[in-house]
Amino acid sequence: MFDINHQLELSKRRTFAIISHPDAGKTTVTEKMLLLGKVIRTSGTIKARGNGKYAKSDWMNIEKQRGISVTTSVMQFTYKNILMNLLDTPGHEDFSEDTYRILTAVDCCLLVIDAAKGIEDRTKKLMNVSRLHNTPIITFINKLDRDSREAIEILDEIEKELNLSCIPITWPISCGKNFKGVYHIYDKMFCLYKKNVIKKVNFFDSNSLTDFFNEFSLKEHIGTDLYIQWHEELKLVTHVYPEFSKKKFLEGDVTPVFFGSALSNFGINHVLESLIKWAPSPVYRCTNIRKVEPEEKKFTGFIFKIQANMDLKHRDRMAFMRIVSGQYRKGIKLRHVRIKKDIIVSDAFSFLAGDRFSIENAYPGDVIGIHNHGTIKIGDTFTEGEEIKFLGIPSFAPEVFRRIFLKNPLQQKKLKKGLFQLSEEGAIQIFCPITNNSLILGAIGILQFDVVIERLKVEYQIDAMYETVNIALARWIRSKKEKSISDFLNKNKSCLALDGSNQLIYLAPNKANLDIIKNIYKNIFFDKTREQ
Ligand code: G4P
């Protein structure tokens, strides 16, 4: 059962995503990681906004027009012999349900915060999703080269807003024009900041004569006032914050915190080291029957994303699978559990943003892409024969809504077909109200509505339009008692619809309405997520 090679492959892997509010620096952090991983050689390869050059991840037209990252890309790089799977998440205001679902496919998250802004709206939403699974979080406080808020104030905010205890691992020495670097509290080492130059010096370490940095020269370097201030702060920090505990981190209770400036590639190495040292190697996943451990020999995996048009020439759809156990080998026979069919996977891909590479082998924690000829849906399980279904890859209640209608009403059937197919990719959801024939679309970010209109036009030759609709929230309806559901249905028909899987959903005009309804119907569950 125990296979030493398999074990070695597991111990070499880390699978993580970056959580941040738009503009906090996710793309820049990603780019510096790829630089340190030697995947790219110069900055600007990943992002090139507004200058006519496009980033590797910008392969959709709409993405190019707006210069933002609409789709989620997967990047693999090696740092100090550890294979990092970084699942990138759309970071603009307009993002999609994919962003949420990505967080169900990783084992760890890197939270990037702008030091001048602190916790912002999008961060909170994403963190709520990642907290559903108690995913371990590493925090990087970015842009210290700019004027920032007090470090302690930011940590307080994280603790209060995200309900997550902070353990600073590095501590900044001032910020903005005065930013001198960080002190690594655990390594007892200074990393002195000079734009794009990183100099590491051990503090009072007489063993390392070349790096020897005594109190005098440190004072000279950062100035006496800053030295005294830093010294006072450090005393306070080491007094106030408890010792870092890997166990508590893995349980999702505490987050190690690092400071730096992604733009100057300062502090990113600390984050990578922490991923190596503390982030979990691939972890188990639950199914409807049992837990599946990554050490198991037989292959299992689940689909968390479907991406269309990755290669416009071929109009293909790619299903992204997170491997949970076993090993992918080219030509492997897999059971597609939902449709009860065996398939031979003769070609699977790994990705670097828009580029794809055919692969021979892959292990737990890796994400592989397989061709989808319309039979694969988000949430599908693949095994080497076992009839199980992975749980925890849900649909999330949409946050914005539109009614869609046709310029040419004769195309209604075609429109429905197109919308159902697009909704299977998981970026939008379609709802059919039970009292009329209209079609409502729901999404997590409004950009998805533009993407749908564009794709209906290009892929289905349908001209459609939107009108606003008085819906603010959606909740799936569930009850242990049949009768409660039918009572509820009879009295609230005008707000009820069926989703793409024929599940009842309540579409509330506002939060007050939802609160009142919840209060009246105590036997009904109003779910924010639904298992696929
Ligand atoms: P995002 O993916 O989270 O949306 O953020 P992104 O990395 O695109 O960064 C947003 C802006 O913040 C960019 O500037 C980027 O250069 C800047 N930035 C990122 N990290 C740092 C940092 O450590 N220090 C400073 N001073 N700036 C940082 P931009 O002007 O919007 O874009 P660009 O013209 O630089 O590409």
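Including glycine, each Cβ sits where the backbone N, Cα and C put it.
Automatic prediction, not curation, is the source of TrEMBL annotations.
According to TrEMBL, the GTP binding site annotation covers 20-27, 88-92, 142-145. According to TrEMBL, the feature domain 'Tr-type G' maps to 11-283.
Reduced to three states, the DSSP call for SER20 (GTP binding site) is strand.
Checking the binding-site residues ASP23, LYS26, LEU144 against ligand 1, the ones with a C-beta less than 6 Å from an atom of that molecule are ASP23, LYS26. Summary: among the binding-site residues (ASP23, THR89), the fewest other C-beta atoms within 10 A of the C-beta are counted at ASP23. In the three-state DSSP scheme, LYS26 (GTP binding site) falls into the helix class.
Per-residue pLDDT, averaged over the domain 'Tr-type G' (11-283), rounds to 81. For LEU144 (GTP binding site), the number of other Cβ atoms no farther than 10 Å from its own Cβ, over all displayed protein chains, is 27.
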